[in-house]
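The domain 'RCC1-like' annotation in TrEMBL covers 172-505. TrEMBL lists 188-239, 240-293, 294-346, 350-403, 404-455, 456-522, 523-558 with the feature repeat 'RCC1'.
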Amino acid sequence: MITLVKNSSTPPQSSGTAKLLAVPMDATASGTPSIQYHNIVDQSIASLVVSPLPTFQRQQRHCFGDSTPGEFPLAANPSIVLHVLTGCNLDPQDLAKLEATCSFFRQPANFAPDYELSISELAALDMCQKRAIFKPMTADEREVLKRRCGGSWKLVLRFLLAGEVCYRREKSQAIAGPGHSIAVTSNGSVYSFGSNSSGQLGHGTLEEEWRPRQIRSLQGIRIIQAAAGAGRTMLISDAGQVYAFGKDSFGEAEYGAQGTKLVTTPQLVESLKNIFVVQAAIGNFFTGVLSREGRVYTFSWGSDAKLGHQTEPNDLEPYPLLGPLENIPVVQIAAGYCYLLALACQPGGMSVYSVGCGLGGKLGHGVKNDEKYPRLIEQFQTLNLQPVVVAAGAWHAAVVGRDGRVCTWGWGRYGCLGHGNEDGESVPKVIESLSNVKAVHVATGDYTTFVVSEEGDVYSFGCGESSSLGHNTGSDGQGNRHTNVVIPELVTSLKQVKEQVVQISLTNSIFWNAHTFALTESGKLYAFGAGDKGQLGIELVGNQSERGSPELVDIDLS
């Protein structure tokens with residue numbers, strides 16, 4: 001028999017292992033072992049689909065008939081097969097391997113809505129229709145997305161799943177911004193706290209908040225993603241609309257620069273009303289947004305065409321990011337001090353493009369030149385690494401690969417690259433000291449990096465200023481809280497919370513002392529680092545300006 005083994009950390013919805021009883025798929029009847037698809041070497045979906053089938057010398061039985069008593073041919077009831085594939089949440093790679101293994105999964109299934117689609121394609125389409133951002137799309141919009149992803153619903157499914165993983169879409173999240181913080185609950189409510197000099201907390205005032213306070217004007221609007229920059233905040237709703245408040249200038253030249261006015265309550269960004277936005281990333285000189293279809297748009301930068309177009313510093317008109325990514329869907333964007341990273345989803349696999357200022361080698365191309373148009377970082381192909389998450393710090397960047405390896409590059413000051421020194425790297429380099437750790441998440445800030453493992457352990461390295469690394473090894477809890485760390489070190493203080501950490505967020509600004517958030521699987525939020533403006537969401541006593549150990553914030557994000 002053939003046993004379908006789901007290659008995913010998510011358990012199947014039905015109990016036990018899903019089995020299609022006595023269904024030898026294009027194989028001989030006798031002596032055929034069960035095939036575990038997760039043992040097949042990973043390839044691109046496109047190459048798997050067109051792989052030639054092996055030729056067998058012995059007599060073959062297959063799923064279309066010639067069954068013996070007690071056996072059940074797949075062709076007898078394809079709808080059951082479709083239900084099993086969809087119910088088990090098989091990932092796109094598994095669906096592609098089924099097509100490559102058995103002709104039954106390749107031929108037209110004669111089911112609505114498209115009678116020419118195969119069982120595997122229909123299963124992928126069904127699972128796409130469960131995704132929140134896919135449901136409201138029109139038929140024409142879905143076909144456009146399908147073409148952008150490579151012409152297959154399996155590739156569309158991979159694109160949607162990758163986006164959900166990268167920035168916790170539809171899940172709770174916490175953002176440690178420059179001096180202020182934003183927390184989004186799983187049901188879409190938003191809390192803010194910390195510095196409010198520009199109205200960036202969205203409460204209609206300029207007063208600091210030392211405890212999380214809900215933004216009441218957003219009631220009735222479900223927020224799914226947030227971004228925080230110096231003096232400004234952007235929120236994205238489940239309807240793809242963008243709300244912004246704080247400074248109205250998104251192209252500040254230096255800390256403290258203001259636009260023409262301050263916005264103290266969330267206001268709909270009119271110029272983005274016709275773009276269904278799923279993610280925003282705020283840099284120090286520009287802001288980027290990502291559309292549902294995987295297109296990247298940017299606001300401002302200045303008149304020297306740093307991103308392939310000329311704008312004014314306070315220009316709020318979105319401009320599409322031109323160049324190679326015009327026809328390649330992007331699943332995640334990350335903004336650093338003066339550059340942008342884009343994680344692209346192509347039929348042959350995932351890849352990373354960079355654009356902007358190349359100072360320090362942070363664009364990852366082996367040189368320190370600026371790039372006006374997105375350029376593919378080729379080093380990942382050399383490393384045989386499939387990127388799944390990208391992070392852009394102020395001056396350095398990081399990527400997590402599908403196999404759990406972590407790469408860093410850019411300026412290495414304070415040891416923020418984790419290679420045991422302060423040397424810079426102009427191309428991505430694997431952190432060898434994490435070779436025994438399978439990473440699933442990475443976060444970067446101003447010369448600081450955090451890595452989260454599959455087990456929920458957290459490692460940090462780089463600048464220890466403001467106690468934002470979370471390392472307190474002394475008997476009095478003050479041991480090395482400000483010491484720089486050049487090799488990834490386990491954050492033992494987070495082990496004490498006895499919960500699995502799923503997200504780390506830290507301040508990504510050269511103008512503010514850093515603070516850090518650790519979000520657990522159950523929705524609990526822990527904070528440490530600088531808290532002089534209330535950005536930790538915790539009242540500090542006496543002359544305290546920071547917390548060296550993680551402390552629970554009084555907010556439930558579950």
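We number each residue from 1, going along the chain as drawn.
Yeah, the Cβs are placed from backbone N, Cα and C, and that goes for glycine too.
Remember, TrEMBL labels are computer predictions, not curated facts.
Of the candidate ranges 404-455, 456-522, 523-558, 523-558 contributes the most Cβ pairs within a distance under 8 Å of the repeat 'RCC1' (188-239). Counting residues of the repeat 'RCC1' (188-239) by DSSP class, helix then strand then coil, yields 3 helix, 24 strand, 25 coil. Note on the repeat 'RCC1' (404-455): DSSP counts are 6 helix, 23 strand, 23 coil.
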